[in-house]
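Sequence annotations record features per position, and here Swiss-Prot assigns region 'Disordered' to 1-513. Here Swiss-Prot flags 57-66, 327-338 as compositional bias 'Basic residues'. Per Swiss-Prot, compositional bias 'Low complexity' is recorded for 78-89 (among others). Annotation comment: Swiss-Prot describes 124-164, 178-191, 221-292, 309-326, 339-383, 431-478, 490-509 as compositional bias 'Basic and acidic residues'. The compositional bias 'Pro residues' annotation in Swiss-Prot covers 192-201. Per Swiss-Prot, compositional bias 'Acidic residues' is recorded for 407-430 (among others). The domain 'tr-type G' annotation in Swiss-Prot covers 521-742. Per Swiss-Prot, Na(+) binding site is recorded for D533, G555. Among the features that Swiss-Prot reports, GTP binding site is placed at 533-538, Q549, 555-557, 648-651, 717-718. Annotated K(+) binding site per Swiss-Prot: D533, G555, in sequence order, evidence recorded as experimental evidence. According to Swiss-Prot, the feature region 'G2' maps to 555-559. What Swiss-Prot records for 594-597 is region 'G3', and it gives sequence analysis as the kind of evidence. Annotated region 'G4' per Swiss-Prot: 648-651, in sequence order, evidence recorded as sequence analysis.
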Amino acid sequence: MPPKGKKNRKNDDWDADLGESIAPVNPAAAAPAAAEAPAAAEKEEEAPVGGLMALMRKNKEKRKKKGLSEDWLDGETPEGQAPAAAPEPDLSAKQAEEANLEDEWALPDKKGKKGGKQQQNKKQQQEEKKKDDEEVPEIRVLTKAEKERLKKEREKQRKKEQAAKKKAAGPAQPQKAEPAKPAEEEKKPEEPAPAPAPAPEPAAGGSKKKIPAHLRLIQKQQEELRRRQEEEQRRLEEERRRIEEEERRAEEERKRKEEEKARKKQKEKEKIEQLKREGKYLTKAQREEKARNQRMLEQMRAAGIKIAALEEKNKEEGAAEGEKEKKEKKKPEKKRRPNKVDEQKALEEAAERARQQAEAAAREAEEKARLEREKAEAEEKAKQAAAEESVDEDWEAAAESDKEDVPDSWDAAASDEEKEEEEEEEEEEEKPAPKKTEKKPEPKTEEKKKAEPKKPEAKKEEVKKPEPKKEEPKKAEANGKPATTTLPTRSKEEEKPKAAEAEKKEVAARPKKPVVNKDNLRSPICCILGHVDTGKTKLLDKIRQTNVQEGEAGGITQQIGATYFPVEAIKQKTAVVNKDGKFEFKVPGLLIIDTPGHESFSNLRSRGSSLCNIAILVVDIMHGLEPQTIESLRLLRERKTPFVVALNKIDRLYGWKKIENNGFRESFALQNKAVQNEFRNRLDQVKLQFAEQGFNSELFYENKNFARYVSLVPTSAHTGEGIPDMLKLIVQLCQERMASSLMYLSELQATVLEVKAIEGFGVTIDVILSNGILREGDRIVLCGLEGPIKTNIRALLTPAPMRELRIKGQYIHHKEVKAAQGVKISAPGLEGAIAGSRLLVVGPDDDEEELEEEVESDLQSLFSRVEKTGKGVSVQASTLGSLEALLDFLKDCKIPVANVGIGPVYKRDVMQCGIMLEKAPDYAVMLCFDVKVDKEAQQYADENGIKIFTADIIYHLFDQFTKHMQEQLEKKKEESKMLAVFPCVLNPVAVFNKTNPIVVGVDVVDGQLKLNTPIAAVKMNPTTGQKEIISLGRVTGIERDHKPLQVCKKGQPAVAIKIEMGGHQPAYGRHLDEKDVLYSHISRASIDVLKQFYRDVVTTDEWQLIIKLKSVFDVQ
């Protein structure tokens, strides 16, 4: 069939078009061939018709017209091109043909010259056919040599293209690339290359063949991919080089460090070898031992103990330090001279001046104390030697010689006190007090050994009290037994020597009286009181340079603590306010007792305030007087204890400029006007609050009358300002106004603060010695859990000066301890000792049994609080004071106590508490404050359901127990829910079901109707005339408008109720009428349950209704 769209075609035979389907080898000649097609068709008509020969001739003529040779290798050169360049365009044209043959689908994108789209498609199809026809025979005729030549040409062309690509500066050739290398085509410009290319001539009327868009896109993508691969390869190469460089550097650094470490190790080894050669090398244990010894040495120095071997060294060091200080003083002066003196520098100068004065005062005090001690030692030795020479062996002679200076009887002495005091003063002038010799234990000499047998007698004379004359013969008899032979019958002759001996003892005791004088004062005991968190312990920490407060549980003091400050330390602290040194210290030191501030520890504050001679009441200047402050004021007023007020936390005043450990007046003068005004305002508020409590108060330096006005000392526990003023004021008041109460008494007074187990000493007791002297070997009696404890003192230990007695540390041993002092006593059998009890010393004439009874009376008063019924909780505490606080709390809560104990909790304590599981399970509880619970005891408690509550802070224990009691209450409430009957009165409206179950509509006339409320009706029996209570059962359902309800109250719309009853239920119409009023069936048990568990829920109107219903149901 002839192709469509061809005009002027006379021969429609399809065979005539066979020649046209064969495309020329050169695609560039396609356009001229297409243009000459009509002319060729006209000549065809004139040619003879001859079948195959005519067809061959026709093809040959066409080739001639196009200027093509029969040989495709030689005839591919287009017209107008040089024949020499024939092979190259021939190859490139062939290559272009091969590229286009693969992509048939892109042909529709090409644009035709003229005509519609269909005509264009037909022409393209014809061209494809021609190409197929031409290529097949041409490819078959290639010889081997031609193929080799073609291959070489292609290789040559490929090399040229690569060389052109490398030349980035020059333009690329416009030759068409092979399909295997589409990316190269993109870079070729349209300009002709030096080599001839098969480009069509514009005169021929044809157009240049374009590369399809999708091929260009693929080429671009391939080029981009190649570029990325190259970049990735370059980046990987750079990364590899960088890693190699880093590894090389790391290796160099490692080697350098190893070399440095080896060098350092070698250097240290050489240093150790050098020290070993010099004999100076110390191991770790030796260094620790040296540091420990140094600390002990410092503590001994702080206590005022001098070591002769170190005195010369200290002098040299002191001289060197003095020179160094002078140089240091000169340096800052030179720097300061040219500068302007501003406020900050004034503060620095004041602080430096205060420090220098304190150091100078401390050195002077130490030197003075040393000279006094040497002088006292020399005098003591001389007196001992004189005393030994003049010792009278005959007691009668001694008694006769002393009789001249003393009154005849104790009664006469008591009646004439003034005369007695004069005699004492005369005796004091004649001979110094022997007590002074007991301040420091001296090394034993031969003379001292001779005087030792007199010690028991001296002790006996100190402890002995004046007694009525009735007991004198008995005591004389008791004391005379070893000296004389006793007869079964008494006679006047026998009584004479006894009376004489009693007289001797009285006279022997008499010379010891001069000890009580104003120059021989004991250390005053000062108690710190105040509200919680006012800074009591922090104030002490600042004075003694410790950190006790932060180590306490919750930062709260819960036990009495004691700290001893020697006079040297007080002098050093007060040097800032005693610059001229005129103030003289007569007391040997100051013992400060720290008491808890919490509400529960009123008993400990009471015990602390009873021990003390003077008190410090700490008040927060920002808050004024608080509840426990007012309670402390009441305690002080009751005991008539003098006190000073520390207005603490002045550093919290806005804008306060601090100077560490300075006097208040100097610091206050440097503050600006606003701070001074604020201080004055707060001071006036505190004064007003004290006036409300009945106390006149004034600033300490403005106070002219200490008897009538309380002194207020502003202090800061953080900066230490005002503390020197406070210490000086306390010592001043003690020496001037309280000398009589600070004189030594022969009677020993001591209180046990705490019982502790100390490694190396066993169980020990902390004791506040407020009067008398304790010695090693003394027989003591104190209160124990299983009765009085009688034992001998094995060791007397005191903490280092200015260290808390409660805190573990290095202890100093003493042969004897003089009041007032906090002392730790080590003795056998102290395991059951009770903290807070009294400690008594058994004298030669004292009866141990009497002392036992006296000591045990403390514990009896405590056990009197224990419930006699045997039902109650068990309480275990660490000290007597804590136990008292717990018992007070439980008494306020109305909780009975069955057992009390002091110390750790063991299995026997838990077993004792387990008895409550049978008697009262709610009280099978142990409250343990600040004690350890044994592992076995805890296990036994868990197995048997006994609750053990432990806490280090007393309020946490209270909270735990309160929570437990609340849980028990809720449990009981749930159990007794069915017994609780809320009162209500119901008026029936309609009966829906008469029985089993009764369903009735009711109005609530009074009270409230709840589910499970028992309902009853009260009727009068017509025959007997008595009340009959008809029980209907319990309300199991309440509905209104078919909606269930839990409760229906008075005044709400009517509801339908269902009443069910197990067994036979009364029926409406037979036992009941619709008009009968219904009531909630109350009883005595239900009323008790309401009172116990629902008292806060039941309203006053409901209680009134219960009273009415009691008469209805005859409840008593």
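Backbone N, Cα and C define each Cβ position, glycine as well.
I650 (GTP binding site) falls within a helical segment according to DSSP. Non-local neighbours of the region 'G4' (648-651) in the same chain are 534-535, 539, 618-622, 658, 664, 679, 714-719, 721-722; each lies 6+ residues outside the stretch with a CB under 8 Å from one of its CB atoms. Taking a C-beta cut-off of under 8 Å and a sequence gap of six or more, N648 (GTP binding site) has these contacts in its own chain: T534, G535, L539, V618, V619, D620, I621, T715, S716, A717. Annotation for the binding-site residues D533, T537, A717: lowest Cβ count within 10 Å of the residue's own Cβ, D533.
Under DSSP, the residues of the compositional bias 'Basic and acidic residues' (221-292) split into helix, strand and coil as follows: 67 helix, 0 strand, 5 coil. Listed in sequence order, the residues of the same chain lying 6 or more apart from I650 (GTP binding site) and placing their CB within less than 8 Å of its CB are I621, W656, F664, F679, P714, T715, S716, E721, G722.
Counting every protein chain shown, the number of other Cβ atoms lying within 10 Å of the Cβ of G535 (GTP binding site) is 24. According to its DSSP assignment, D533 (Na(+) binding site) is coil.
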